[in-house]
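Here is the structure we will look at.
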Amino acid sequence: MAFTQALVTVLAFLVGTLPHKFDFSENSDLKKANGDKCVHHSQCFSDCCLIDLERSGAFCTSKSHVGMACLPQTKRSLNILCPCRIGLSCHSKDPMCPRRCQMI
């Protein structure tokens, strides 16, 4: 079970580093709703494609709310944590604690 989860994680990171053959531009009318399967964050209306090991894949989900763990920005195709919603910033007051969404 642990090996399978590790393999899924490694494959997800590799997919994030490969060039994509599809057009996932911001102007695309094919944006997916929360809960739909995705392979790139720009496919999602929320702009967050989150890896879900329990459901064996990646799915569109909303960005992080106040107090939720976050990433400062989306760099690859898939997210382990989502960036913050508009109006919130992702930072940590303590370098030993994970980043959280907070009011600007």
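Heads up, the Cβ atoms here are built off N, Cα and C, so glycines get one too.
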Name the cysteine that pairs with CYS49 in a disulphide bond per Swiss-Prot, restricting the answer to CYS38, CYS70.
CYS38
Quick one: Swiss-Prot says CYS84 makes a disulfide with which of CYS48, CYS60, CYS101?
CYS101
Can you sort out which of CYS48, CYS60 is the disulfide partner Swiss-Prot gives for CYS82?
CYS48
Swiss-Prot annotation: CYS70 disulfide-bonded to which of CYS60, CYS90?
CYS90
Among the disulfide-bonded residues CYS38, CYS44, CYS49, CYS60, CYS70, CYS90, whose Cα is within 10 A of the Cα of CYS84 (disulfide bond)?
CYS70, CYS90
